[in-house]
């Protein structure tokens, strides 16, 4: 073998030996490190950190067996319920599956309640304003219950009519959506009820949206019977100086005006009047979230189980008789002769 061949063979053997040695040393080093622990990645899983949503289902039913009653439903036309501020809430519910009755119109947002009342033999009278339906006091004189999802649209005379109706034994439910604190307080103040400014939200416990807060009974009331928790989508804080809170949020809720964390009252009652800081729980999309179906049924029962209504129209409210029509010229008229 020539010297050049021997040199090439020597170089090959040297390179091979170095390569094998590096592989062996690397393997020994890896064995010394040991088995690596698994890295927890749950925090990257959105399903693991998203708040638990509410279950959907349940039928809306009434427990009372009252004879036919009349409930006046005040839903102003062409405005959001309550005339409140726009809330950034989205819902992916299929309206074709969620709706009750006809989609569209001012009555849609309260159709589950209206349908429940009608199915149980009660009369539902929708009222918009005095220009469309006449004076409210005349309508309430024939009613047993009144509910408004737009207190901000009530005129001064209509507000007085609602107060007189409640004083006369009629049941009243007012909803104070965010943005309607002033008008709601104007109506409710006579009964010790008021609404605060701002809205309540909850970043920790909610129904898939920080504005969709869970609320629980705060005190025993006909409205809370059978309700473990309900969902309010954009609720205004309310209170009672002469009454009691009926629903409140969890301790993790916050209020938009101060960002302060705590439990907030979102529904209260005083006598025959209830003030609720949300109307969306009665809409077709939300009426069966959590125990909202039970709450809607409780509202229906509440409206028809008041005492006898003794609301009388004042004499000033009675229409004045107009001028008598002229007599028929063919009618016989006794005319006394003029004495000379």
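Every residue gets a Cβ built from N, Cα and C, even glycine.
The domain 'DUF4350' annotation in TrEMBL covers 115-296. Averaged across the domain 'DUF4350' (115-296), pLDDT for the predicted model comes to 94.
Long-range Cβ contacts of the region 'Disordered' (240-259) within its own chain (Cβ-Cβ under 8 Å, at least 6 residues beyond either end) map to 191-194, 196-205, 213-219, 221, 223-224, 230, 232, 265-271, 274-276. What TrEMBL records for 240-259 (among others) is region 'Disordered'.
The compositional bias 'Polar residues' annotation in TrEMBL covers 243-259.
Among the features that TrEMBL reports, region 'Disordered' is placed at 306-340 (among others).
Look at TrEMBL and you will find 328-340 tagged as compositional bias 'Acidic residues'.
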Task = Using DSSP, break the compositional bias 'Polar residues' (243-259) down into helix, strand and coil residues and give each count.
result = 0 helix, 8 strand, 9 coil
